[in-house]
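Student: Supplied in structure tokens, the structure appears directly below.
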């Protein structure tokens, strides 16, 4: 039994292994003779064309999706991402469980009968001393930057409008530090300094 014909029409006989193009009928009704194909010959139609991926990508540029986004469309997450997702899911579950327990305890323990929410618990846990330290640190940093910019301005360097605005705020930053109990250099005030500022 002959095998399926190739692109060029060559059929290989499975029993004998001979290759030939079977006879066919032309449009005018005459017949073409069967053509024997010598062993080892491959016509150009049957040769696989070499495809240069780089050249093909160059020809197809701008037609496909954005390079690198193919992986984002995959539904299967990477093992690393799934591990992180599992960890986050566990954290969410623990938070929900904790909030539910606090809600039950708050409903029974609150004097007015209202449930304690996690937001209320967070505001109660905030240490005012830690907050003031954080604010002082932030003000010191801003003051240091403003003083450095003022030195640049005095040496004649041009400053951006945002930098000029920082320089203008130096006195305001010093006042805020003073209100928190610190001097213009960001150091804690001594008792003598505090009395001197009160009298002036």
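Cβ from N, Cα, C; glycine included.
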Student: Of the residue ranges 161-180, 181-200, which one carries the region 'Disordered' annotation in TrEMBL?
Tutor: 181-200
Student: On the DSSP side of things, how many residues of the domain 'WIBG Mago-binding' (17-43) fall into helix, strand and coil, could you say?
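Tutor: Counting residues per DSSP class in the domain 'WIBG Mago-binding' (17-43), I get 0 helix, 10 strand, 17 coil.
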